[in-house]
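*Asks:* Per Swiss-Prot, active site, proton donor is recorded for Glu284. Feature annotation from Swiss-Prot assigns Ca(2+) 1 binding site to Asp54, Asn56, Asn59, Asn60, Gly78, Asp80. Sequence annotations record features per position, and here Swiss-Prot assigns substrate binding site to Tyr127, Trp128, His167, Asn220, Leu221, Tyr222, Asp223, Arg254, Lys259, His260, His354, Asp398, Arg402. Annotated Ca(2+) 2 binding site per Swiss-Prot: Asn166, Ile217, Asp226, His260, in sequence order, evidence recorded as similarity to another entry. According to Swiss-Prot, the domain 'IPT/TIG' annotation covers 526-607. According to Swiss-Prot, the domain 'CBM20' annotation covers 608-713, on the basis of sequence analysis. Marked as region 'A1' by Swiss-Prot: 28-165. Per Swiss-Prot, region 'B' is recorded for 166-229. Summarising the annotation, Swiss-Prot assigns region 'A2' to 230-433. Among the features that Swiss-Prot reports, region 'C' is placed at 434-522. Per Swiss-Prot, the feature region 'D' maps to 523-609. Here Swiss-Prot flags 610-713 as region 'E'. Summarising the annotation, Swiss-Prot assigns signal peptide to 1-27 and lists experimental evidence as the type of evidence.
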Amino acid sequence: MKKISKLTTALALSLSLALSLLGPAHAAPDTSVSNKQNFSTDVIYQIFTDRFSDGNPANNPTGPAFDGTCTNLRLYCGGDWQGIINKINDGYLTGMGVTAIWISQPVENIYSVINYSGVNNTAYHGYWARDFKKTNPAYGTIADFQNLIAAAHAKNIKVIIDFAPNHTSPASLDQPSFAENGKLYNNGRDEGGYTNDTHNLFHHNGGTDFSTTENGIYKNLYDLADLNHNNSTVDTYLKDAIKMWLDLGIDGIRMDAVKHMPFGWQKSFMATVNNYKPVFTFGEWFLGVNEVSAENHKFANVSGMSLLDFRFAQKVRQVFKDNTDNMYGLKSMLEGSATDYAQMEDQVTFIDNHDMERFHNNSANRRKLEQALAFTLTSRGVPAIYYGTEQYMSGGNDPDNRARIPSFSTTTTAYQVSKKLAPLRKSNPAIAYGTTQERWINNDVLIYERKFGNNVAVIAVNRNVNTSASITGLVTSLPAGSYTDVLGGLLNGNNLTVGSGGSASIFTLAAGGTAVWQYTTAVTAPTIGHVGPMMAKPGAAVTIDGRGFGATKGTVYFGTTAVTGANITAWEDTQIKVKIPAVAGGVYNIKIANSAGTSSNVHDNFEVLSGDQVSVRFVVNNATTALGQNVYLAGSVSELGNWDPAKAIGPLYNQVIYQYPTWYYDVTVPAGKTIEFKFLKKQGSTVTWEGGSNHTFTAPTSGTATINVNWQP
């Protein structure tokens with residue numbers, strides 16, 4: 001456990017010495033590797049499996065698919081799961097404070113070598129799946145994957161898999177022999193290909209131009225065979241496949257291309273995960289520079305998964321890499337995103353990845369990367385470091401941003417920044433769960449405070465690498481005392497003296513300087529930091545993490561419904577496990593009261609589902625609208641808004657699968673339940689319901705369905 005930085009009393013020094021003599025403390029439940037729902041205390045390291053380490057040359061592809069020199073970055077280079085195991089066991093990952101790895105999609109990919117514009121391409125990246133129930137042999141066998149899970153867990157590292165259920169592989173409707181025709185296999189059984197698709201496994205609507213959300217969902221991404229999630233075979237297959245990987249012991253899922261799959265189907269997918277073996281899940285929804293998307297926020301708040309925080313990444317790159325914005329822009333991003341995302345602590349922050357040019361380029365000042373990394377590691381959300389960032393890898397867009405890692409040096413400054421700061425996420429709950437407050441700012445300097453209970457971390461960053469800054473008038477929540485820079489001056493930071501009322505002495509923050517000061521203390525009042533998953537049915541398990549819960553069972557509240565006794569399956573000072581009570585579907589606030597009756601803060605936006613979920617396509621014909629009007633769907637279950645127009649599903653689509661005046665939408669609804677519903681038209685605050693009796697429909701118990709009705713005048 002990280003020691004308290006305050007150095008004012010002999011008692012503190014004696015306590016620190018005693019703790020050091022005791023050795024590593026048993027991990028608190030909320031920080032344990034076994035906590036699959038909460039990654040707020042973790043640092044993720046994203047590994048492009050083929051580009052990391054070749055631990056078993058015997059599984060390398062042969063022939064034109066392989067380039068052992070990694071000169072053609074579109075071919076396999078040899079990285080595999082054994083290579084990752086080796087780097088886990090030699091301490092490279094644990095040495096930089098990594099507690100979770102995100103690996104390439106592990107499923108079997110196509111074996112074809114595809115020639116695009118005279119250049120051979122392979123599925124080295126893992127995104128050209130053929131069988132979601134088998135492994136990619138270039139990465140390893142099922143046994144190798146199980147060994148990876150075991151090796152990671154033995155070193156307190158969680159394992160996240162990339163998962164791309166949007167599509168299979170490249171295909172051409174005009175050339176059935178192109179590549180592998182996008183074929184989908186079910187544990188070796190051929191389910192069908194893109195051409196002669198008699199089972200309707202795929203969409204056949206052409207390629208997306210990205211002009212609308214609907215266009216991006218129901219048309220192909222480039223030449224990738226787009227799976228039809230409204231097909232019961234596809235739906236069941238993908239849900240069974242993820243169950244297989246959950247059974248193998250994964251701790252998290254990164255969902256590829258969530259903007260390009262039906263939102264209702266994805267919510268039913270997450271309900272399946274959460275009701276089976278819930279794990280932390282986050283999706284990829286790309287946002288460009290300065291792009292703020294209400295659809296993106298809504299998805300993160302209601303889908304049951306969080307997102308890669310592109311808004312964070314783009315702003316950090318502007319401020320530290322490109323110098324196209326300043327610290328006020330960074331502050332604005334932090335404040336705006338905290339309002340827009342209901343679970344800010346679950347959004348995954350980063351500075352670069354495999355779909356962006358690398359943060360560092362050969363001519364750049366390395367300090368810019370080091371500061372961006374320090375900012376990410378101490379900011380809200382779950383930080384993810386792209387492999388090789390710690391080695392200052394450079395490279396433009398795909399595939400140059402996916403080169404083989406050049407070395408595994410543990411002495412680079414970037415590696416040391418992670419080594420020193422990553423452990424704070426487990427030792428100081430202010431970093432994992434705390435609020436964020438700006439304490440001092442100008443164009444080049446930002447000093448911000450993270451706080452949880454009386455635990456505090458203060459971070460000062462001067463992005464100007466040429467000019468120091470005199471810091472006067474800084475007030476923090478740190479108790480009076482002297483604080484050492486957690487980085488130990490690695491980024492030219494200084495120590496800090498704080499007087500009464502949190503007032504800091506005047507100091508100079510060096511050019512390009514970054515300092516981190518922190519204080520930890522026990523939290524005595526019950527304080528919730530994290531709840532996961534944030535969506536499940538009654539009877540499912542929910543994990544509540546935080547501090548100050550006490551050792552004796554108290555009460556958990558879902559709204560006004562109290563849960564006590566055997567329905568609380570675990571109660572420790574930092575973690576509670578509870579079964580969702582038999583309440584009606586809807587959104588609830590969660591809070592706890594300890595055994596003495598002291599109430600915690602409220603954690604809001606928890607969705608209780610009405611039961612197991614299935615994806616249903618609702619279609620309404622002849623729904624003509626005036627300019628500015630849109631069609632929505634409401635009904636008798638919480639998943640359809642319980643007849644509340646403000647919570648109605650929509651606006652519905654009318655361009656791709658069906659065309660105006662027919663409207664449609666894929667929605668998750670309770671399986672096997674008879675549902676009443678109607679469509680309505682909305683324009684601003686004006687609502688027009690369709691006439692006649694309510695439509696009635698009984699949802700299937702599994703698979704998918706389509707319900708098609710006419711608008712009732």
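Just so you know, glycine gets a Cβ as well, placed from its N, Cα and C.
Note that this is a predicted model, so its numbers are computed, not measured.
How buried are the listed features, and what sits near them?
*Replies:* According to DSSP, Glu284 (active site, proton donor) is assigned to coil rather than to any helix or strand. Around Glu284 (active site, proton donor), the C-beta neighbours below 8 angstroms that are at least 6 residues distant in the chain are Arg254, Met255, Asp256, Ala257, Val258, Lys259, Leu307, Leu308, Asp355.
Within the same chain, residues at least six positions away from Gly78 (Ca(2+) 1 binding site) with a Cβ under 8 Å of its Cβ are Asp50, Asp54, Pro57, Asn60, Phe66, Gly68, Cys70.
Mapped onto three states, the DSSP output places Tyr127 (substrate binding site) in coil.
Non-local contacts of His260 (Ca(2+) 2 binding site) by the CB criterion (under 8 A, 6+ apart in sequence, same chain) comprise Asn166, Thr208, Gly216, Ile217, Leu221.
Residues in the domain 'IPT/TIG' (526-607) partition by DSSP class (helix H, G, I; strand E, B; coil) as 3 helix, 46 strand, 33 coil.
Mapped onto DSSP helix, strand and coil, the domain 'CBM20' (608-713) counts 9 helix, 51 strand, 46 coil.
Regional average pLDDT for the region 'A1' (28-165) in the model is 98.
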*Asks:* With a radius of 8 angstroms around the mean position of the C-beta atoms of Asp54, Asn56, Asn59, Asn60, Gly78, Asp80, what other residues of the same chain does the Ca(2+) 1 site pick up?
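*Replies:* In sequence order, the nearby non-listed residues are Gly55, Pro57, Ala58, Gly79, Gln82, Gly83, Ala138.
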*Asks:* Top stretch among 28-165, 523-609, 610-713 for CB pairs under 8 A with the region 'A2' (230-433)?
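*Replies:* Answer is 28-165, with the largest number of Cβ pairs below 8 Å.
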*Asks:* In the region 'B' (166-229), how many residues does DSSP assign to helix, to strand and to coil?
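*Replies:* Result for the region 'B' (166-229), in helix, strand, coil order: 6 helix, 18 strand, 40 coil.
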*Asks:* Which of the binding-site residues listed here (Asn56, Asn59, Asp80, Asp226) have a Cα atom within 10 Å of the Cα of His167 (substrate binding site)?
*Replies:* Asp226
*Asks:* Does the chain bring the region 'A1' (28-165) near the region 'E' (610-713), so that three or more CB pairs sit under 8 Å (pairs 6 or more apart in sequence)?
*Replies:* no
*Asks:* What other residues of this chain sit with their CB within 8 A of the center of the CB atoms of Asn166, Ile217, Asp226, His260, the recorded Ca(2+) 2 site?
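*Replies:* Neighbours found: His167, His203, Thr208, Gly216, Tyr218, Lys219, Asn220, Leu221, Leu227, Ala257, Met261.
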*Asks:* With Cβ-Cβ distance below 8 Å and at least 6 positions apart along the chain, what are the contacts of Asn59 (Ca(2+) 1 binding site)? List them in sequence order.
*Replies:* Asp80, Pro137, Ala138, Tyr139, Gly140
*Asks:* List the same-chain residues at least 6 positions away in sequence whose Cβ sits under 8 Å from the Cβ of Arg402 (substrate binding site), in sequence order, or say none.
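*Replies:* Counting only residues 6 or more apart in sequence, the Cβ neighbours of Arg402 (substrate binding site) under 8 Å are Phe48, Arg51, Leu73, His125, His354, Gly395.
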